[in-house]
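Student: Dumping the structure here so I can ask a few things about it.
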Amino acid sequence: MKKGRVSQVLGPVVDVRFEDGHLPAIYNAIKVSQPATGENEVGIDLTLEVALHLGDDTVRTIAMASTDGIQRGMEAVDTGAPISVPVGDVTLGRVFNVLGDKIDLNEPLPADAQKDPIHRSAPSFDELSTEVEILETGIKVVDLLAPYIKGGKIGLFGGAGVGKTVLIQELINNIAQEHGGISVFAGVGERTREGNDLFYEMSDSGVIKKTAMVFGQMNEPPGARMRVALTGLTMAEHFRDKQGQDVLFFIDNIFRFTQAGSEVSALLGRMPSAVGYQPTLATEMGQLQERITSTNVGSVTSIQAIYVPADDYTDPAPATTFAHLDATTNLERKLTEMGIYPAVDPLASTSRALAPEIVGEEHYAVAREVQSTLQRYKELQDIIAILGMDELGEEDKLVVHRARRIQFFLSQNFHVAEQFTGQKGSYVPVKETVRGFKEILSGKYDHLPEDAFRLVGRIEEVIENAKEMGVEV
């Protein structure tokens with residue numbers, strides 16, 4: 001092992017000078033350790049990752065934890081390899097940090113646990129699978145209008161507080177309960193409280209047994225937030241490549257991955273580009289996203305919550321992410337104000353899987369008719385606001401009448417929200433979803449009150465609600 005010394009500390013960026021011509025490779029992990037000397041002192045055990053070579057003997061590194069207590073002249077050791085994290089079944093039901101150290105209260109991992117480096121190249125072309133298969137989520141609005149693809153990348157777009165994390169929790173729950181699939185959850189730069197709540201909720205529901213969790217939260221330095229997505233992805237790739245699993249990989253929130261990169265970029269001496277983001281934004285995003293894919297062995301399907309700064313979709317961070325996505329689920333604040341949950345915008349959400357050759361003719365026709373009804377209703381809203389419903393023709397009145405029922409029927413009660421709503425969650429198979437909307441469009445339920453359609457699963461629940469309201473069915 002080659003040793004060097006810390007020569008400069010700039011917040012989360014640390015320069016290390018090595019002697020006799022040894023220069024660690026880019027991405028190598030470098031350790032700075034110092035045992036605790038006094039009773040009240042805490043020892044230092046810091047991992048740095050090489051980012052740049054400066055001249056013949058100095059490397060500029062990014063710290064994976066706080067640099068408090070680091071001084072010039074401290075000894076630094078080149079480990080000779082990138083950061084490596086545990087993989088395989090030992091990770092299930094456990095919580096890790098960016099370095100793969102356990103941060104839950106359970107017993108330590110076995111000493112012989114397999115470890116893989118977090119930096120690796122994407123699968124080659126001949127390893128990729130070209131089959132398109134739909135992933136059923138049991139959430140009506142998603143399965144009908146913007147279906148997810150196995151091995152695809154799905155973006156969950158929305159501002160603050162419109163329900164991204166709740167939707168992710170429901171997806172983890174549904175995939176584990178209905179498909180028995182493995183999930184990996186990477187908490188990237190989000191609230192520690194949310195991660196804590198998610199862990200306990202998943203422990204209570206038993207879903208945790210099928211999930212590995214990795215966290216680099218808001219309070220951590222940018223190095224940890226920038227690399228924690230790769231730690232989670234490495235765990236997911238092992239389940240895909242070595243066990244042939246179809247893995248769900250959640251990133252909450254991919255914007256924080258970009259944000260962490262931009263925090264470090266200026267300190268690394270790079271010239272900022274548009275809106276102050278790092279000039280390497282597209283490259284960093286591509287290196288992460290290209291590893292998420294279906295191979296001939298298994299698949300990693302990624303669902304990424306994407307915070308949209310100031311609800312501006314042209315911001316470089318969300319705009320760069322768009323290029324990689326197969327489907328988008330857009331959450332709309334106006335729908336939360338109307339009490340429609342999940343607040344998925346049925347007109348703005350898209351999927352390349354919504355094609356007759358993939359979902360079938362009937363599903364495609366029903367989905368398009370639902371969208372055209374809602375689009376017509378949206379166009380009529382200005383007229384209604386100015387002149388009132390009475391000024392509409394009979395045909396338009398019927399469109400509004402049905403569109404409101406469709407809008408409410410797109411809402412659904414979630415398993416993970418039972419404690420807030422007091423209603424049992426529902427999982428709706430795609431066939432049932434298509435049948436329900438087809439019957440609403442045919443006018444079969446025009447006589448039922450709109451409130452009967454709120455927060456239900458199958459169409460039968462609407463009929464039950466109507467009976468409870470005293471309506472003859």
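Numbers run from 1 along the shown chain.
Cβ coordinates come from backbone N, Cα and C, glycine included.
Straight out of Swiss-Prot:
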BINDING   Gly158, Gly159, Ala160, Gly161, Val162, Gly163, Lys164, Thr165  ATP binding site
Student: Ten-angstrom check, please: count other Cβ atoms within 10 Å of the Cβ of Thr165 (ATP binding site), all chains counted.
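Tutor: A count of 23.
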Student: For the ATP site given as Gly158, Gly159, Ala160, Gly161, Val162, Gly163, Lys164, Thr165, which other residues of the same chain have their Cβ within 8 Å of the site's Cβ centre?
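Tutor: Same chain, not in Gly158, Gly159, Ala160, Gly161, Val162, Gly163, Lys164, Thr165, Cβ within 8 Å: Tyr307, Leu331.
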Student: Fewest neighbouring Cβ atoms within 10 Å: which of the binding-site residues Gly158, Gly159?
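Tutor: Counting other Cβ atoms within 10 Å of each of the binding-site residues Gly158, Gly159, the minimum falls on Gly159.
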Student: For Gly163 (ATP binding site), write down the residues of its own chain that are at least 6 apart in sequence and whose Cβ falls under 8 Å from its Cβ; none is a fine answer.
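Tutor: When sequence neighbours closer than 6 are ignored, Gly163 (ATP binding site) has Leu331, Thr336, Tyr341, Pro342, Ala343 within Cβ distance under 8 Å.
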Student: Highest Cβ count within 10 Å among the binding-site residues Ala160, Val162: which residue is it?
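Tutor: Highest number of other Cβ atoms within 10 Å: Val162.
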Student: Give the sequence-ordered list of residues that share a chain with Gly161 (ATP binding site), lie 6 or more positions from it, and have CB atoms under 8 Å from its CB.
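Tutor: Once residues fewer than 6 apart are set aside, Gly161 (ATP binding site) is near Thr336.
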Student: What is the Cβ neighbour count of Lys164 (ATP binding site) at a 10 Å cut-off, with all protein chains included?
Tutor: 25
Student: When DSSP is mapped onto helix/strand/coil, what comes out for Val162 (ATP binding site)?
Tutor: coil
